[in-house]
Amino acid sequence: MQNKIVDTDKSQVKEFGGPVGTFVLFLWSHYIMLYFWLSLEFYDGGFFYPSSFQEIPSFFTTHVGKIISHGLPTCESITILSVFLIIETLFAIYMPGPVVKGLPVPSENNIQHTYYCNAYSSWYTTLALLAILNITGLFPLSRIVELHGPLMVTSMIFSNILAIIIHMTAILKGKQIRMSGNHFYDFFMGAWLNPRIGNFDLKLWAEIRISWMQLFIITLSAAVKHYELTGGVSGSMLLILLAHFLYSNACMKGEECVVTTWDIFYEKWGWMLIYWNIAGVPYVYCFQSLYILKNNPHVPAPLLLIFCVALLGAYYIWDTAQAQKNRFRMKLRGTYTPRNTFPQLPWGTLENPKYLDTEAGDKLLIDGWWKYARKIHYTADIVMAFVWGLSCGFRGILPYFYPFFFFGMIIHRYSRDIVRCRRKYKKDWDKYLEIVKYAFIPGII
């Protein structure tokens, strides 16, 4: 049966509390990055605040002064970010990798865009280049964390400028879709669905390569700096290095699966995605790496072993669950091509899986991991996020910001997905809920 295409581009639902909520998120997204950097730079990753109401003005001016004196972009930070972005752009255009068709886009006459999914080859080439630069002394990797503040602010400024350029270009070229009529909300959520330069897709480039590569590079830099300072690498640092490698590597090796996800198919490339892909993800999610560098927390070896087992177990479920669903969909479309990217885990591909036919034309997978829980990959994702925090021990509060922030983001996504699926599948959704009764943890919730 050929899947029907639902023209989702004609629907418009305000998210995040509409214009007011998105403006608050806009301000908060800048504040939280600066706060985290100040915490790491001047308070060893600790929570800091004014001691009284009267101290607020001096507290504010003092920390603005610290940002100006220690965190503004430098020629070196601008050069590093520029070279990285240029190299990854060239890799995205010229490196080898499979060519994949996206889903039909209703707002563009159901065109199926072509995607060059070469993030995996780009990823390992980038790591090899970094190793050569560090070993030869041409560019010590520890320099990344030494320039953490200027690099972060450079990324923040660049992402804001890019968001403005993309938004204005979309309007000038008449590429905007699903506009609400509120200028700021539309800037935040985006106007342009598929900004491309030829076959170079900017949204996929930023979401996969720029965000997660930067995160791992920062963590790798922290590990190198940790070695320079202590003559070794602690168990906590090795754990967070492993965690960030597994996550980043998974994004690269599964890039061809991302092109049919909701983020690429439906979400517009607005300020939210641009800012968080280029600046937010790498510089907020790296907090644990830098906290460990600053504090070298002592986490007993038995606990580290437990955390590592939890990480690997959650990663296995997360990786294979997503592989099962994406390969199931790709087989239905006739686009599945086996790859030998590392690691290929057992039970990642289901043979003759069970599924539920729907009147909307889709087939809902009810086999493999997906017969146990509807969002089991979210559960695994949350477990991995908490391991990130646990790698820092129990003395600080801020290392646990990411897992709780991520938990909130997952709940928002889940709520959004439920509304969308119930609207799309109607009575078939009730049938699906009868078959797969649990959302996150089989037998519990």
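Every residue gets a Cβ built from N, Cα and C, even glycine.
Sequence annotations record features per position, and here TrEMBL assigns transmembrane segment to 20-38, 78-100, 121-139, 151-172, 204-223, 229-248, 269-293, 299-318.
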Return yes if the transmembrane segment (78-100) and the transmembrane segment (20-38) have at least 3 CB pairs under 8 Å (sequence gap of 6 or more), otherwise no.
no
Give me the stretch from 121-139, 229-248, 269-293 with the greatest number of Cβ pairs under 8 Å to the transmembrane segment (151-172).
269-293
For the transmembrane segment (299-318): best-contacting stretch of 20-38, 121-139, 204-223, 229-248, 269-293, by Cβ pairs under 8 Å:
229-248
Of the stretches 20-38, 204-223, 269-293, which racks up the most C-beta pairs under 8 Å with the transmembrane segment (229-248)?
204-223
Same chain, outside the transmembrane segment (269-293) by at least 6, Cβ under 8 Å from its Cβ: which residues?
22, 25-26, 29, 32-33, 36-37, 40, 45, 145, 148, 151-152, 155-156, 158-160, 162-163, 166-167, 186-195, 202-203, 206-207, 210-212, 214-215, 217-219, 222-223, 225-226, 229, 234, 236-237, 240-241, 244, 263, 388-389, 391-392, 396, 398-399, 401-402, 405
